[in-house]
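So that you can see what the record holds, here are the features copied from TrEMBL:
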type: DOMAIN; residues: B:172-224; note: domain 'HAMP'
type: DOMAIN; residues: B:246-465; note: domain 'Histidine kinase'
type: DOMAIN; residues: B:492-608; note: domain 'Response regulatory'
type: DOMAIN; residues: B:644-735; note: domain 'HPt'
type: MOD_RES; residues: B:Asp541; note: 4-aspartylphosphate
type: MOD_RES; residues: B:His683; note: phosphohistidine
type: TRANSMEM; residues: B:12-34; note: transmembrane segment
type: TRANSMEM; residues: B:152-170; note: transmembrane segment
Amino acid sequence: MKYVVAMLCLLQSSWLFSQEYTFGVVPQYESQKLNAIWQPLLKQVSEQTGVKIELITVKSIPVFEQAFANGEYDFAYMNPWHSVVAHEKQGYLPLIKDAGRSLQGVLVVNKKSGIDNLSQLEGAEIAFPAPNALGASLLMRADLALLYGLKIKPVYVQTHSSVYLNVALNSTKAGGGVLGTLKQQPKNLQQKLKVIYKTREISRHPIVAHPRVASEIQLKVQRAFLNIGESDEHKHLFAGIPIIEPSIATLAEYQQLTEWGLSAFYVEN
Amino acid sequence: MLRINWWRSLRVQSFVAVITFGFLLVCLFIFYALPEQARWVNEGLSKTAQRSLQQLSTSVTTPLLTRQYAELYEQIDSQLEIQPNWKGIQVIDEVTKNQLYPLDTWQGTIERSDVVLSQQVLFLDKPLAKIILVANFTNEINESSKLHYTLIYSQFTILVIFFMALAWLVDYRITTPLRRLEFAFSKLAKGDFNCHVDRQQKNEIGSVINAFNKMAIEVQSNHQKLNRLRIEAESASKAKSDFMASMSHELRTPLNAILGFAQLYEYDEFANNIQKGNAKSIYRAGEHLLLLINDVLDLTAIESGNMQFNFDYVPIKPLIEDSVELVSELAKAQSMTLYTEGFDLLKGLNFYIDKRRFKQVMLNLLSNAIKYNKQNGEIYISCKILNNQQCEISVADTGCGFANDDISRLFKPFDRLGAETSKVHGTGIGLVITKELVERMQGKISVQSELNKGSCFSLTFNTFEQAGFSSNSDACVIKEKNFSANSLPILDVLVAEDQVTNQQVLKQQLTILGVRSTFVSNGEQAWQTLQNKHFDVLLTDIQMPLLDGFELTTRIRKDSRFEPLIIIAITANIVKKNLDDCHKVGMNGFLTKPVELVKLKSLLIKHTKTVVNSEVKTNQKPETETHSFDQLDLSVLRAMLGDDPAVHCMVFNAFLQTAGEQVKLIREYASCDDFTGIAFQAHGLKSSSKSVATIRLADICQEVETLAENKSVQSNLIEELELCFNAVIAQLSRYCQQYENK
């Protein structure tokens, strides 16, 4: 019996290791680019862990949201707010975060507008990329509404660049973005803008795991990511994502988003 | 040859046509084709740009509606990147009038060639925004111009090659044959019948050349025919002259008897008055007949070229006064008045003439003036000095005169302008002889007349004032008497003369005069000889090879060693300029060819103050000999060489040995139109023939030389020269033979 159990255990563990896991990635870019970024990293993880991981990319964020809400991914890389939602819906847990960077929304106005106080934006049109964009939109709207009690008319213009252009072209009085994308704008655009408000900081996109994945596998994968981040030889594999310094993520870090009342501003598809 | 103005030349005209055509083509290209093409390209590109702009406006509608300006920027930026000729795009919001693109200040148009296009962005017929495009198509236009240029260049090159080929064809097919034809025409005009032109083409030009060749052959045969006829006519005329000469001569002998016997009646005591009157009539008629015969003799002498002249510098005043004196009795008898005018102007002036012949001319004119005058008419004889060293002597009468149209008939033999039926006696050959004599003495005769008012005959002669040259013979005669023939220092004379015959003559003459002579053939040799030996006198020809007489004299006169050397020119050219030049270069005197012994002697005496030792006999033999040696002027010969036939024959032999070669050379030069050669040889032959006293040959040579200098020697003159030369050769040989037989 002991042998049988041992055998079964062995069998199970071999089944356990021979099983293929899925890895969903939020569609920040088109799938080709996502493949180019993620495939080498996941291959390295598989090599180190012996766990087979398959990269799954989707066309749009709603599809991605639907997918993780249905628990289709064993592992996934998503934005902090998605991780909160995913935890609520399927119990996804954060494994890895980027300790090198944090997420903070910024509110920009036209330099020539004469606005330097949030109160001047009462009832004004403010451009945001999308309703659920975390730093630029969710955090910002929550802050403005909950911390400052401002009533605004949000205008969703798809991209961060459009947000900044709307502000620069005086199409809207202000716009919500994040520091990273603001810095990426052309010099002449940046020169026309000024930041008048920054939101509270939160950790950046985490890699999460579905609770159905065996915890030793989760640990192994987590360990592998950390190892790769520390190894000089493989560190560069994170650069494209981008994750500067992978570290262990905790649920609590992301749970504060719920506490900040962001769900009220989340728009379900 | 007719010179063609350069702008009339076919070559130039075709060249100008090609250049003009090319210029017009270039103008058309620059001022029309290129701008038109640029406009066309601009329009086409603008249309295309407008279409692209329309597409752009459609694609930016959504971003504009949704304010997705990033996408708007992306679309426009990508368009600007794709369209290299789009310089800038401006998007203006139609509602707010805000500039949506570009972010920076709008530059608008910058260059003059910028094109502005605009397009409205409509959504549901509501204007959303306006897109303004600034484009510049200069690059495209330049590119297409470059293409066009290449095309035009190649077309132009092809055209130029085509036209050059055309010009060459014109040149080869038309101009060149025409020039060949022109050359052949000029050859034909000069009497060269060897002017056949090869006919290379079977077209119109070819047929013209063919026609020319036929014409040349025709002209040649006609010319030959004419020549034959001329020679026949000439020989007939000569036969006539010969006949007349001998007839006249034969007539004079019985006439002498008639006149003599008629005169005897005057002294016959037994003859009654009637018989004496009849005899007087016979005498007068005989005298008239003698006059006529003398005239006919002169005329025949002129026609056969045997008229002989003894030229000398003659003081003209006494000569004319003499002539007037002679006719004054006659004029008085006819109750006419003679008026003279300007005779004093003639004082000290000389004519270079034959004294006897000039007197004959004057008497003829004066007697005509009396004969054809009215009763109690007047005769004016006036002298004028013209500007150019010439003197005019005119004889005017108040007779019936004649019409201007008759002047040409005046100098025709036996034409008396209707006076044949009048009671005035005459032969109608007096004026012919007068004119001939005047012209042979280098003078001119002219006539003016008005019907029923009278006529005026004028003579024009060159005048000479040389006291040094005049009356040489007189001086000689006087001095000859003063010196004794035995007290003579011997003179050393150097003679520079290129003609062997002339050398012979001078050698004989100087030997006769007892002078030591050395002979050289040109000026250069003379100069060399002078360096080594002392000479008292240099006799030099003017025209010589290497160094001529003038140059030689100039060279000698520059050298003080030769100061005492007497230089005397020997020349056949009795032109005043020539004589002046002799003085100018420092010659002491000159002799004319043929050199007369007397003159040579007197010149030597005059300049060297010494005497030559021989008496020279210049008495002439009766002229009966002349007709057997009609080419030879025996009086001149004797004046040159004395009477010794042995001396004559030595000179003749020298002439016979050298002259044939000269005639041959003249003929050869004439055949190849080498006029310089002809002139040189003719001058030499002229000089030689003067030395053997063959004056007619010398005259012909003179004519050939003059014509050759003007480059217009005719072949018939050369033939005449040869004929005359052959006659001279025959006579000289005969003369020598006769002497040897004696």
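Every residue, even glycine, has its Cβ placed from backbone N, Cα and C.
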Cα of B:Asp541 (4-aspartylphosphate) to Cα of the residue listed as 'phosphohistidine', in Å and rounded, measures 11
Those modified residues listed as B:Asp541, B:His683, and which of them has the most Cβ atoms within 10 Å of its own Cβ:
B:Asp541
Residues outside the transmembrane segment (B:12-34) whose C-beta sits under 8 Å from one of its C-beta atoms, at least 6 past its ends, are 6, 145, 148, 152, 156, 159-160, 163-164, 166-167, 170
Local confidence of the domain 'Response regulatory' (B:492-608) - pLDDT mean:
81
